[in-house]
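If you check TrEMBL, you get these features:
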- A:322-332: compositional bias 'Pro residues' (COMPBIAS)
- A:30-145: domain 'Plastocyanin-like' (DOMAIN)
- A:154-317: domain 'Plastocyanin-like' (DOMAIN)
- A:418-543: domain 'Plastocyanin-like' (DOMAIN)
- A:318-337: region 'Disordered' (REGION)
- A:1-21: signal peptide (SIGNAL)
2 protein chains.
Amino acid sequence: MSVIVWWLATMVMVAVHSASAGVVELNWEVEYKLGWPDCKEGIVIAINGEFPGPTINAVAGDTVIVHVTNKLSTEGVVIHWHGIRQNGTPWADGAAGVTQCPINPGETLTYNFIVDKAGTHFYHGHYGMQRSAGLYGMMIVRSPKETLQYDGEFNLLLSDWWHQSSHAQELYLSSRPMRWIGEPQSLLINGRGQFNCSLAAYFNKGGLKECKFKENDECAPSILRVEPNKVYRLRIASTTALASLNFAVEGHKLVVVEADGNYITPFTTSDVDIYSGESYSVLLTTDQDPSQNYWISVGVRGRKPKTPPALTVLHYVTAPSSQPPSSPPPETPRWNDFDRSKNFSKKIFSAMGSPPPPRKFRKRLILLNTQNMIDGETKWALNNVSLVVPATPYLGSVKYKLRRGFDRKPPPPPTFPMDYDIMNPPRNRNTTKGNGIYVFPFNVTVDVILQNANGLDANASEIHPWHLHGHDFWVLGYGEGKFRPGIDEKTYNLKNPPLRNTVPLYPYGWTALRFVTDNPGVWFFHCHIEPHLHMGMGVVFAEGLNRIGKVPDEALGCGLTKQFLMNRNNP
Amino acid sequence: MSVIVWWLATMVMVAVHSASAGVVELNWEVEYKLGWPDCKEGIVIAINGEFPGPTINAVAGDTVIVHVTNKLSTEGVVIHWHGIRQNGTPWADGAAGVTQCPINPGETLTYNFIVDKAGTHFYHGHYGMQRSAGLYGMMIVRSPKETLQYDGEFNLLLSDWWHQSSHAQELYLSSRPMRWIGEPQSLLINGRGQFNCSLAAYFNKGGLKECKFKENDECAPSILRVEPNKVYRLRIASTTALASLNFAVEGHKLVVVEADGNYITPFTTSDVDIYSGESYSVLLTTDQDPSQNYWISVGVRGRKPKTPPALTVLHYVTAPSSQPPSSPPPETPRWNDFDRSKNFSKKIFSAMGSPPPPRKFRKRLILLNTQNMIDGETKWALNNVSLVVPATPYLGSVKYKLRRGFDRKPPPPPTFPMDYDIMNPPRNRNTTKGNGIYVFPFNVTVDVILQNANGLDANASEIHPWHLHGHDFWVLGYGEGKFRPGIDEKTYNLKNPPLRNTVPLYPYGWTALRFVTDNPGVWFFHCHIEPHLHMGMGVVFAEGLNRIGKVPDEALGCGLTKQFLMNRNNP
């Protein structure tokens, strides 16, 4: 079958769903299945047999109820609702060991929460490296009074894929010495990629052979079918395990209008950098030659790319569906042009009318990001503590005052290590494992300065996209080198900083963010790169601990909460 | 490095341990590690870093206390103490879903039981297919007044090994259509095998090349170092996932003295058939030319062998350790010479003085073994029910009267389906999934007739080694074709039938066994072939339900027991 014919066979249009009622209730079964995400057989985690999982469509204000039944054989499972703030329902955040116990095989947990704000969100596994295994899907929350004008929309969930199982990857990363998992074999758009072949092979670029598809092949690309002279909203989210991505549509400008579920001041760009954990909406006007079709390309940035771009096609209905694009796909910008990346980040401002940040912070935490060694293991650490999530969920420990649930000594004080040389490998490679948390008063303004540094190897500092649960934060600014207290604050944007839940920390630089501790609970804050989190790159924030409401027993029952709940006297 | 040199480097002598105290207490951490079981890298489950797990040495009457900490990332774990009857401690039997909840990651369960009887036992995982992943080890219980005379002993734990992960295997077996996992890549002796090479390549048999080892290679064979003119006890156990095995020592006769922890009437044989779940002790006299070394060979029987034999060497200290055996390894008997296999089984009689079985049975259960289909899945069924173990352990359900824990309707009545044609594929391939159990009165004699049949394909009936938890049973007899009630009982051996916990069911035949329901609890009875059990080939027996003692809360807390224990009023 030629490159022409797969096209018709796999053309997919994502329809605009109509507004739903006040409750969205779903029954989900999570299980492994054989799949062909990149045309090579592999094992994926599916929900109700679908990979990626089904898209949730809701309206802001809706209650979402998901009965998640674990049909895995021997593994626990949780689902994190990425971008949903879980105000009043911290137990439903879906972070194993932080807000709940894993759901045991054969059991069902009912997540029940309100989606209070419109936005392009997604969900994913948050236990071990189950996100890498394919446990993810999109979650679209519409506004009941949408002000954006567009004619149609598409959801594009981006991910990366390895041929080695996530179980093997976990073991490699924890091995002594650490064995790096390498770059992904494929990038996926809506769970579909092409390994070792290219849709654009006929341009003779990259040396890959033409892809052959059979009808209904799971790895054939989802084509975006558009009419000329219309405006489409592309909802793009990245749930990659590792890759930082760049998204472009051949011959079309993109107007970025939303970031992580918050409207921003629209700006026009030829391409979008998107890091794991981020989402964007872009408006695309189909104003090009309607007799042609056009490439959509997703390539790797930020790390030396060894993975070819993921491709699909923007198909004008006025062009023959069997006609491949006449020009080569857009080139992904040079991977290590970090100035270009930073420029993109710095173009993002909140939309007019968005709430500005408080003028001053009450607490400030500087988090030095380092790569270290401990007992032969390679680890990532914050202020020299590499996080090991305890068996007892923090939320249970604080709710029920189980003092042995985690180390009550707080992590190293948030004072900046003034003498640390961020430009060179650590003088002392050692770190410590820990599970202490940062406890903040309720309803105060907290600044976090993420400070990057050199890793274990010389001349190597990586991008880390940091994701905060339970909150949006204002991104006050980015800077080069070491943050200078008392000086760099002057560069902050306090006028229209964007609200986000994920933000990149660039090599050898710092990122400043601000949030208000207005959501009683325990919240994970971590690098969204799955291997980095697995290697300890996270911290835990707690706030309003005496205001935490009822935590359903079903969400607990492991570690110390098991014994506690069993021995609790009923009234 | 040549075939000569690995020898010295890896010579291992298993010493006779001295009698231990009344309590054997162990701290175990279970985790995955990278290993080279057959010289090819793979992922194994290790205990305290060891694969196979450490050998437990105890004396009959000892209390064994094992604190098992689950260090797996996302999987539960349990350990079954195979051959230990767990009288009074049914919760410690270690069968997930039957007698306990899986131990969650990061948690510790303390198994605490008495080893009331001497014998050659072993332990292994009993959740999902974790036994296939390498979770096993030996457990030797010595008699404080051993009557057997011997000069030294060796433990030989036999297993089979696949290069595909047990997770992938589970998925393949459950796929629609079922994808068979194939024959093992290697057989292992004490966790060591050689893939794609042979220690005996210099005889130019089988076309395999010579194995090259580096010093301390994990896959180099464990050599048995013996002195001439001594008697050695070889304790052999099989924990294979699939393979039925035959064990032989070149040039040496073997005197079989123990089967599944029970002394038998000694008999002399050139080789021993051993099925998964069985153990034997054989005495070997080192009466051969002391200037030579000799092969120990373990080959596949019962299935068309696609796996080369596992080899190691019996090394006389009087022979040069660098001198390989001068003759080829013993040939494994023809795989489908079932008459030879049955003859071996029929040579096994209890030792003089062993308790004879009760003369009559009070209850009889005939279990028809069939291979079936249900909704596209291939299943094994007993009396047309394919077992699906529930999320709530049976022991918890019966102890706390949780009526929804499993189907209270008993499985199909134990009446023999007289019209079932066991010689041909099933006329109706359908089966049903179920989780009902067989409840017996306390302290009665139960006969079970295992009845084999043809599988889904014509002319195919397989060996199934059936293992009963919580009991030894008397093997009353084996027969061809369909069991004829009222007639075949006359062939029973009621004088000196062997006591066992595992017994083979031969193709197109029946096996009769008898036991007394003297152990209050819930007991798994299943085919010990791991894929067959995964596909539903088991039943559950319960007895003395009102006599079950305290079940520690720590062993429960999943499924319905979670809610029950959390809501229970404390006095």
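Residue numbers in this text run from 1 along the chain shown.
Yeah, the Cβs are placed from backbone N, Cα and C, and that goes for glycine too.
What TrEMBL says about a protein is an automatic prediction, not a curated fact.
Among residues of the same chain six or more beyond the compositional bias 'Pro residues' (A:322-332), those with a C-beta under 8 A of the stretch's C-beta atoms are 3-5, 7-8, 199-200, 202-203, 205, 246, 248-251, 270-271, 292-295, 297, 299-301, 305, 309, 311, 313. Within the model, the domain 'Plastocyanin-like' (A:418-543) carries an average pLDDT of 97. Across the compositional bias 'Pro residues' (A:322-332), the DSSP tally of helix, strand and coil residues reads 0 helix, 0 strand, 11 coil. The DSSP breakdown of the domain 'Plastocyanin-like' (A:418-543) into helical (H, G, I), extended (E, B) and coil residues amounts to 9 helix, 54 strand, 63 coil.
Counting residues per DSSP class in helix, strand and coil order gives 3 helix, 53 strand, 60 coil for the domain 'Plastocyanin-like' (A:30-145).
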